[in-house]
């Protein structure tokens, strides 16, 4: 195969690291350009941009996955990385086109899906959880360092240099895929012709959601995931803008916040999660994670001082254990031939939340008139006067209304999760869809007639 060496997990790790390192550099410049481009209704426009991108990713992910099963992974790695990074140079050329291309790029912004398929091609089932963990840890590591580097370079040399550097790293990633990444999908698994048919069932983004109501336990799990991940997706899209523009954080403080939160989340999802799973059990770990998430969102919603944001960030790291614990619960309780079906449902719900959450948060900010009249410059005024100025301007008991709404949503998720049994057997009648889930996921994995289908869910606890 074309590339350097044989396909390995390290090829996938480098692709992910370079892509998200490039975007991490732009964290601080993006927040400034966003408000300069949309001085009125900043949070609403941010939510709409990220919401359109998330919905397009949700709609296109199954089709791109199915096409990569037919045409190979390398070409789709190249396609997704190229279109995901295409908006970067437009930040300084034309901010309006920058945000327009970001929203449209959601059609191809599914690099993780292709990377996970790449890893599945080249690993045995017992190795896959470790390999996926390495990929997700690399993603976190890239965001731990890059925002701080971007903020420093922007302050010393200007944002133009940061955009040029991010563009260069994105081009390096594309060149790495072209030159060094070998194709992982075996030739014998690909059809002889590129005209192989792709059925609507493979490309239907709602196929997995149609099976949700067929088992009461699956329904409870999916409702829990929806109610808890909807505010999380909205928070990811707007929280750093909120810190920068409302709480008066400097660019360096935002970068430091991301770094500390990333390091604490990695610790929580590895050491703390394993200790909790062994000591208090799977279901109680989920309930504990949801409890931390409620506390974190309520603290964000009522917090009016920077130190409160830092304290709530530490709690947020502990709340990151929820989804891995949900994944482990399903992988343990579902039959081997049901894993792919339930995995598709939960992935579909999270994809839907990635589109709905940002738009919902932006709309709530708009309803409660959390807006800015000018771009604050937290570095220049002494004594934190910017924070005082903007809190007086808002004159609101609740500085962050969407976060309080999110806390209520997670409280409902906690109540639903109480009814999930600790040990049960999930029974999702998937009929033709279940037979097809092999081709939808990893049809290339050789399988003996008597073997169970590979349990996908336990491998995607990112």
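Cβ coordinates are placed from backbone N, Cα and C, and glycine is handled just like the others.
Just so you know, TrEMBL annotations are computer predictions that nobody has curated.
Taken verbatim from TrEMBL:
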type	residues	note
COMPBIAS	433-443	compositional bias 'Basic residues'
DOMAIN	8-425	domain 'Major facilitator superfamily (MFS) profile'
REGION	433-462	region 'Disordered'
TRANSMEM	12-35	transmembrane segment
TRANSMEM	47-68	transmembrane segment
TRANSMEM	75-91	transmembrane segment
TRANSMEM	97-119	transmembrane segment
TRANSMEM	131-154	transmembrane segment
TRANSMEM	160-181	transmembrane segment
TRANSMEM	217-234	transmembrane segment
TRANSMEM	254-277	transmembrane segment
TRANSMEM	284-302	transmembrane segment
TRANSMEM	308-330	transmembrane segment
TRANSMEM	351-368	transmembrane segment
TRANSMEM	403-420	transmembrane segment
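Same-chain neighbours of the transmembrane segment (217-234): 47, 54, 211, 286, 290, 293, 297, 322-323, 326, 329-330, 333, 342, 345-346, 349-350, 352-354, 356-358, 360-361, 402-403, 405-407, 409-410, 412-413, 416-417, 419-421, 424, 426, 428, counting only residues six or more beyond its ends whose CB sits under 8 Å from a CB of the stretch.
Under the criterion of 3 or more C-beta pairs below 8 Å, with sequence separation of 6 or more, the transmembrane segment (12-35) and the transmembrane segment (254-277) qualify as touching. Packing against the transmembrane segment (131-154) from elsewhere in the chain are residues 9, 12-13, 16-17, 20-29, 112, 115-116, 119, 123, 161-162, 165-166, 251-252, 254-256, 258-259, 262-263, 265-266, 459-462: each is 6 or more residues past its ends and has a CB under 8 Å from a CB in it. Sequence-remote contacts of a segment are chain residues at least 6 beyond its ends whose Cβ falls under 8 Å from one of its Cβ atoms, and for the transmembrane segment (75-91) they are 15, 19, 22-23, 26, 29-30, 33, 64, 67-68, 97-99, 101-102, 105, 107-111, 114-115, 118, 159, 163, 166-167, 170, 173-174, 177-178, 181. Remark: the transmembrane segment (47-68) contacts the transmembrane segment (351-368), by the rule of 3 or more CB pairs under 8 A. Taken together, the residues of the domain 'Major facilitator superfamily (MFS) profile' (8-425) have an average pLDDT of 80.
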